[in-house]
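Data block below; observations after.
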Amino acid sequence: MTSQYSVSYHITTYYAVQTISILDFFVPYGPITSPLSERFLAQSPSPPDPDHLRFALLRAPAEAPSSDELLEWPTKDNRRFLRAVYRVGDLDRTIEFYTEGFGMKLLRKRDFPEKKYSNAFLGFGPEETTFVVELIYNYGVDKYDIGTGYGHLGISTTDVYEMVENVRAQGGIITREPGPAEGGAMAIVAFVKEPNGYEFELLQRQATPQPLSQVMLRVSDLDRSINFYEKALGMKLLLKFDRPELNYTIGMVGYGDDQYETTVFELIYNYGVTRYTKGNAYEQVVISTDDVYKSALVVNLVSQELGGKITRRPGPISPRINTKITSFLDPDGWKIIVKADTSITQFSGNPAISPKPRKFYSLIGLGWAGWINVSITERKQPHLSAMADAAPVVLNDAILEWPKNDNRRFLHVVYRVVDLDRSIKFYTEAFGMTLLRKKDVPKEKYSSAVLGFGPEESTYVVELIHNYGVESYDIGTGFGHFGIATTDIYQLVETIRAKGGKITQEPGAAEGTTTVVAFVQDLDGYEFELFERDSTPEPLCQVMFHVVDLDRSIEFYEKALGLNHIVTIDRPEEKDTIAMLGYGDDPNQIAILELIYNYDVTEYTKGNAYSHIAISTDDVYKSAEVVKLVTQELGGKIIRQPGPFPGTNTKITAFEDPEGWKTVLIDNQDFLKGLEE
């Protein structure tokens, strides 16, 4: 990754952003599908023959590019299970149950009103030495879907009968009364459910250093999963046995040689079952390491062979918290966090479902000289590129040069609205846009409209989609806002107010500058940032969304799309870091993609409202090969192979970035011909 610049500054003019999210335009899900999604997917061509690719991939030898010494690292590392993280509907009730019913101790509890969540850590011993649970409560959420893939937690006790009675007295459900385990074993076991519906297996054993002794997960390929946990995490296979009379096979893996003295993953394969639901209740297991960078290299290498993927590249949690972590999904999608600093004061596994409404300040239109006191320092992070060394794909310079030499610009941004005619009226009368085209497609049960401040041939525009009969969309928490530049912000705000728009921040000069900014919402709840600047060729000048790994996202958009990284600004007082990218160098003259990382937030919801950005290219085939190559290093995936869109001659390709944000690349000449037709 090229060197970046970190900009530190202080500012006190804020506003709350109503975050919005993503519409799965190319991969339909839930009750709402995109206008053409089903036909689009059904007719999507197969990947082109490698021998006939217009832009060749250069691959390294098939054998693993890393040494055996690297794969030995996890077995020599200082590892143990730290905690299991999951969500509960009533934190205080759950704490009471776990302490009175199971006999755990409350180790610590924290409340974060500004982020709208609380968490608590409970266990049978100190966090420094024993496996514990971390319970997350999100304000206002009283129920979660546990899914079909998660199994249970295991507790070892010297008296199963007594614990069962304690659980019963606290209102727990006994799903299996105490008794010998199936198969004639002498061990006494019982199964119970706590108030949130999580199942616990109680096992009678002599005193053990790890009373919270197991996490059971279902997998679709047991041998592959065992192989993954042995290689990627350095665990040992402690036990494997087949139960044909019960149609399943069990594998137990952990750190140590005795399953009765250590915490284990119990992996279960049910005959013939290849898919499970994960729900939104169980989150992850956290494991210790001495080096997250080496650990991530190993996981990345093993993932190339067995599946799985890195979901957070190794490094500090945030600029303010030095605890280093990396996270990944195993081949079945189960999440693991590997954490270097086992200090109990610095990191919780909180993936809060709904981050707080963000305080944010516009950087567009302020100019780069004199608007605020800025100090620029080069921020080099050599570890961030280390994972590329383990990938089996060579990032050939010639291939990666293509996006920089391509003819690219932002074409349109696509999202859904409830009432198309109402939105058209608001966008034309309030924002001053022009209706460029509108179409109704009864057969597909949708209508669409394209609006902008200039012709589609040369300016960035919006495409609004309305699905028949849909009266609401989920905007989610990941998408931020659009940006509009105007020569008279006060007049624009008053016009928006008169047309029924909501003013979330009145116009005013930004702190430390004469630039005037305001924030408004349209009739569907989408947020727009308005700022005053001289006439610009791109009045629709910004799309902002949140990411959980800013460095990875910057690198992805630089390499995969050829965007220019204009600036990175760190704001520790606001607990966020901002990056701006675009096709050009002057943010006052081009459309910008603005990415924001909020400290400690590791998950956002995407919803089904926002869809994607469309970008032009002179060759969708070359462009797709670049994206395909970069995704193997950084994550993301092609979701539509390059070629003509079904029923048209317009060639496109589509992909998701490492965080699931979608982009469509459209052939320049085909796009212009389509407009003429």
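The backbone N, Cα and C atoms fix where each Cβ goes, and this holds for glycine too.
Record note: TrEMBL gives Glu134, His152 as Zn(2+)-binding, and the candidate from Glu72, Glu194, Glu201 in that site is Glu201. Ranking the binding-site residues Glu134, Glu201 by the number of CB atoms within 10 A of their own CB puts Glu134 at the top.
For the domain 'VOC' (409-533), the neighbouring stretch richest in Cβ pairs under 8 Å, chosen from 80-205, 211-341, 539-668, is 539-668.
Summed and averaged per residue, pLDDT over the domain 'VOC' (539-668) gives 93. Just so you know, the Cβ of His152 (Zn(2+) binding site) picks up 19 other Cβ atoms within 10 Å once every protein chain is counted. Across the domain 'VOC' (539-668), DSSP assigns 31 helix, 57 strand, 42 coil. DSSP states for the domain 'VOC' (211-341), grouped as helix (H, G, I), strand (E, B) and coil, give 30 helix, 60 strand, 41 coil.
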